[in-house]
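Notes to accompany the following structure.
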Amino acid sequence: MKLGIVIFPSKMIQDKANGLRKRYDPHYALVPPHITLKTPFETQDEQLESIVNELHTIANKTNPFTLHVGKVGSFAPVNNVLYFKVEKTPELTFLNEEMHNGFFTQEREYSFVPHLTIGQDLSDAEHADVLGRLRMKDFYYEQPIDRFHLLYQLENGTWTVHETFHLGKENN
């Protein structure tokens, strides 16, 4: 079973990102715009309950916070990914750290750069052209964040929510 842990921004931010993703992201139909807290990982079905319990613990230790999204960035020359930059708040950093320590120990492929992907798998020329145009536009959004989501991947490659975790002390 393949799982991932993400934050979904508001519908308004998703709509702005999807307006670009339709043209520049071949993964557009597989998953809504999101901020990745933990990249996809494989696990056994019997571990799911322990994972869910650990995520409840992490959510309870994390206060709700404000998400700040703005400007367009790129991971070039490592890869031709375009994204909306997301401010790295203490809460986002804490969530990411908790999901790579202790129970979730796993080698990181990249350092944590919170972002919303708006384009990927672009040729060098297309990447340079689109990045140049988008950097001239003014993007800035903010919204309160009070939850994150555990996703699982279906056989057709799409992702769906398994469970949602509310930040702060949950009502059990």
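Using the three backbone atoms N, Cα and C, a Cβ is placed for every residue, glycine included.
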Handout entry: motif 'HXTX 2' according to Swiss-Prot, located in which of 11-14, 51-54, 115-118, 127-130
Key = 115-118
Exercise for the section: Could you tell me which of the ranges 34-37, 74-77, 134-137, 150-153 is annotated in Swiss-Prot as motif 'HXTX 1'? Expected result: 34-37
Completion exercise
For HIS34 (active site, proton donor), the nonlocal same-chain Cβ neighbours (under 8 Å, six or more residues apart) come out as VAL6, ILE7, PHE8, PRO9, LEU116
